[in-house]
Amino acid sequence: MIETYVEVDIDKIIKNINNIQSIDEESMFCAVIKANGYGLGAVRIAREIEEFVDYFAVARLEEAISLRKSGITKPVMVLAYVNFEEIDKCVKYDIDLPIYDLEYAKKINDSISGKLKVHIALDTGHGRIGFRESELDDIKKLKNLDNLDVISAFSHFSTADEKDTSFTMIQKERFYNILNQIKDYYKFKFIHLANSAGAIKHNITKDMMRIGISLYGIYPSIEVKNEKLIYLEQCFKYISHVSYVKDIPANTPISYGRTFISKEPMKIATIPLGYADGYMRAFSNKGEVLINNKLCKVLGLVCMDQLMVDVSGMEVYMDDEVIIYPNIYKESNKINTIPYELMTSIAMRVPRIYKKNGKIIDIDNYLGEIYED
Ligand SMILES: *Cc1c(COP(=O)(O)O)cnc(C)c1O
């Protein structure tokens, strides 16, 4: 038995894709699988969903190349910077790049042999990468760079997951405004704008939606979740097991620093999960896990590889199942973060188990295997 692991249900991912696609059946679907598929395993997931999507997006060149090396043939785009010295590899592996700086684009154009597919990144208010409206001349000059095949233009929302929709509308307007001013220069094959929140909350899809977090069944925020326009189901479970149970008298300290001291007799369970598994130390004395259908509070500081929880008054035994992040929205909120960060923080040493049609199809375990040949 593996004590602590993440179980990924491929069927649920496919259902989420279908449900999100129902917002607009005509729109292309770009599966955003950066950061190793939000921590769940980019290559495994890409292989399983390739037939249901039109595009893949990642953040690093290495991620894009590993998709190609694993046999992915659908278009792959990098959403962020790629070092100039590595640009050749984008041509070699047929990987699309965002373009957001004229000088950089010229350098790329002069160095490559062969055509590179690029998407013009437009900054409409996210403030990260992209040409701004004041740089229209630069955008127009990209047209002279023969080795760049400008297939698309895109932008990214900064507040599409918030209650107040006004800035999203401003960004959308700016996007179309810029496109309007460069329309005589480029014949884009398609344009893209929406992330999960843009598609689910605002129904913005054309011509392609870039779906990350919601692919995995998580709403971008509670605001988006509460509107329940599109049904999503969390595709993963983070599971551990009770490794030890003990009764303690009053006045017993728990964990490093003695930040928790029992005021009365209690029952304590130890769990083989710690901050080295990506369960953040910020959950010390705050987090909750689910054991036998009851929420159990983390007591004391989270250790590197283990933590303790309160199971007073419960029937709990060694090897009982523990659900980590029973409500990932609530847990992330407790430590002022978002489900995105909790998911992408799950450490590589935590094995990923993949299920399809109720059966285990793959296990990725970077710790190594236990079984003997
Ligand atoms: C991460 C990312 C997305 C996906 O965002 P979600 O909120 O996870 O759907 C889309 N577009 C860009 C440019 C991104 O960086």
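Placement of Cβ uses the backbone N, Cα and C atoms for every residue, glycine included.
TrEMBL does not curate its annotations; it predicts them automatically.
According to TrEMBL, the features are:
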ACT_SITE  LYS34  active site, proton acceptor
ACT_SITE  TYR256  active site, proton acceptor
BINDING   ARG128, MET304  substrate binding site
DOMAIN    235-355  domain 'Alanine racemase C-terminal'
MOD_RES   LYS34  N6-(pyridoxal phosphate)lysine
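Sequence features annotated in TrEMBL and their locations in the structure.
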residue: LYS34; record: active site, proton acceptor; Cβ within 10 Å: 19
residue: ARG128; record: substrate binding site; Cβ within 10 Å: 11
residue: TYR256; record: active site, proton acceptor; Cβ within 10 Å: 13
residue: MET304; record: substrate binding site; Cβ within 10 Å: 11
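Counting in whole angstrom, MET304 (substrate binding site) lies 26 from LYS34 (active site, proton acceptor) by their C-alpha atoms. When DSSP labels each residue, the domain 'Alanine racemase C-terminal' (235-355) comes out as 22 helix, 43 strand, 56 coil, counted as helix, strand and coil in that order. It is 35 Å from the Cα atom of LYS34 (active site, proton acceptor) to that of TYR256 (active site, proton acceptor).
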